[in-house]
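Below is one structure, written out as structure tokens; comments come after it.
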Amino acid sequence: MSMSDETLYPIAVLIDELKNDDIQLRLNSIRRLSTIARALGEERTRRELIPFLSENNDEDDEVLLAMAEELGVFIPHVGGVDHAHVLLPPLETFCTVEETSVRDKAVESLCKIGSQMRESGLVEYFIPLVKRLAVGEWFTARVSACGLFHIPYQSASEILRTELRSIYSQLCRDDMPMVRRSASSNIGKVAEAVEYAHLMADIMPIFEDLTKDDQDSVRLLAVESCAALGKLLQPQDCLTRILPLIVNFSQDKSWRVRYMVANQLYELCEAVGPEHTRTELVPAYVRLLRDNEAEVRIAAAGKVTKFCRILNPDLALQHILPCVKELSLDSSQHVRSALASVIMGMAPVFGKDATLEQLLPIFLSLLKDEFPDVRLNIISKLDQVNQVIGIDLLSQSLLPAIVELAEDRHWRVRLAIIEYIPLLASQLGVGFFDDKLGALCMQWLQDKVHSVREAAANNLKRLAEEFGPDWAVHHIIPQVLEKINNPHYLYRMTVLNAISLLAPVMGSEITCSKLLPVVVASAKDRVPNIKFNVAKVLESIFHLVDHPIVENTIRPCLVELSEDPDVDVRYFSNQALQAIDHVMMSVDRDV
């Protein structure tokens, strides 16, 4: 529909759609609110459309969510920021509904609108809205209010600021845990808005109370706020007010809180600075690495490399390495997997000698882990260790793990290791690859699972790109082409797929002399699937060869296939012939 048609679309019909029983019609109408507004004009939008939306009693959360999102960008349609306040009433209503996603979107839209409103509008309309929500009878209104205080605070008078801080303080002590949770998660935004003196005198005492809340869901959100508050405080204040809280959280009775500390550890370290991390937070981190709960150890293990970068190598060797050794033997495979995904990054931190002496045995133990995810995580990050100790030492223990993964009974594991082969090839070098991994790459071409065979063919293309056509013509092409005689047609199809992928890398000469004859010979295959794949391959490679080859070899082959009894073979052959004709006509026109 053109823009003029949209403008003429009857407004009454669109408003009727908002009342329709069909949810899809109502959603479509909400998404066209900007069209309605443009057609009505700014004044009628303010006078008719917005009040209608305020009174709309739609009970479907999806419709309310869409409406809350639309209103967030509606300021241009009501006459600009001078009239932005007319959008507040419907959003205020949405802030009180039961569905969390609708409330969150309404708060987000109110923040967008409030950040554009003039100071007078914020004082006259926005602050009263925040106050009404903050004393709402239902907890939903009070939850929403917590996310709005930071918007009007700096536009408020000193008396209003004092009142806003007082109201926020009451919300932080609300009887409902959901309200305290919202206050806890938003306290960082409020702290950023208030003056430093009030941050220390009013906000920090409230925050310290939240960190001692009897609900772990409130305390774990306070952990996230620690990092935000720490960045706002002066270094000495951060040390005396935030650091003790982090240390206490790391010993919290709830594993969820300890998990949050482990997950946020790097951000918390940034807040207190490297010096105090080394002296104060190392014992806390060691406790988390040795926590009773596997989930906490998983989160802590995932941060081990980042944490070690903050420390000097001696401290890391002395305090963190013993924990890493324990984690590499952890009873939970998920802990070992989390460690394996980051441990390789410790090599540059420790340096060559310590890596050889201390880390390499841990790598080897994880490379032999019974769970494939652990082994794959190690192999995927080998380049970090290779840069430190060199591939000779690494490759001696690497090969057995790769071979084991290559033959794993789970096809997804075999598929995953194929993805890493080009990376390994570039790291290990052509000599090691030829000796040890070449046979594996050919073996995958005859895997029982199609996805593995497909990945294996693509892998050969990437290897040819890595090592060059001269290497590929001796080490890949002969082994691939000899498999065209395999009695199983699915494996013969894999060879054709590999040829179509390799041809652009190998270039015209090798394609004509080595690859094309095999493809043309396969046109005589007794299986129709092979024959129509021959047509597809010829269509994909004809532009790589000279015109005489196309006319004397490729076209006759396709013409013969176009007369095949099988309908699919005829279809793909004719499609390939049309593609050739199209290209040839373009060339003739250019000439």
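A Cβ is built for glycine as well, from the same backbone N, Cα and C atoms used for every other residue.
All annotation found in TrEMBL is predicted automatically rather than curated by experts.
Annotation comment: TrEMBL describes 10-48, 164-202, 203-241, 242-280, 281-319, 320-358, 359-397, 398-436, 437-475, 476-514, 515-553, 554-591 as repeat 'HEAT'.
Away from its own ends, the repeat 'HEAT' (320-358) comes close to residues 282, 285-286, 289-290, 294, 297-299, 301-309, 311, 313, 365-366, 369-371, 373-375, 377-378, 380-382, 384-385, 387-389, 393 of its chain (Cβ-Cβ under 8 Å, at least six residues beyond either end). Panel annotation: around the repeat 'HEAT' (476-514), residues 438, 441-442, 445-446, 450, 453-454, 456-458, 460-461, 463-465, 469, 521-522, 525, 527, 529-530, 533-534, 536-537, 540-541, 544-546, 549 of the same chain, lying at least six beyond its termini, place a Cβ under 8 Å from a Cβ of the stretch. Among residues of the same chain six or more beyond the repeat 'HEAT' (515-553), those with a C-beta under 8 A of the stretch's C-beta atoms are 477, 481, 484, 489, 492-493, 495-497, 499-500, 502-504, 506-508, 560-561, 564, 566, 568-569, 571-573, 575-576, 579-580, 583-584, 587. Counting residues per DSSP class in helix, strand and coil order gives 31 helix, 0 strand, 8 coil for the repeat 'HEAT' (281-319). Confidence across the repeat 'HEAT' (281-319), taken as the mean pLDDT and rounded to a whole number, stands at 87. Packing against the repeat 'HEAT' (10-48) from elsewhere in the chain are residues 56, 58, 60, 62-63, 66-67, 70, 74, 77-79, 83, 86: each is 6 or more residues past its ends and has a CB under 8 Å from a CB in it. With DSSP classes pooled into helix, strand and coil, the tally for the repeat 'HEAT' (10-48) is 32 helix, 0 strand, 7 coil.
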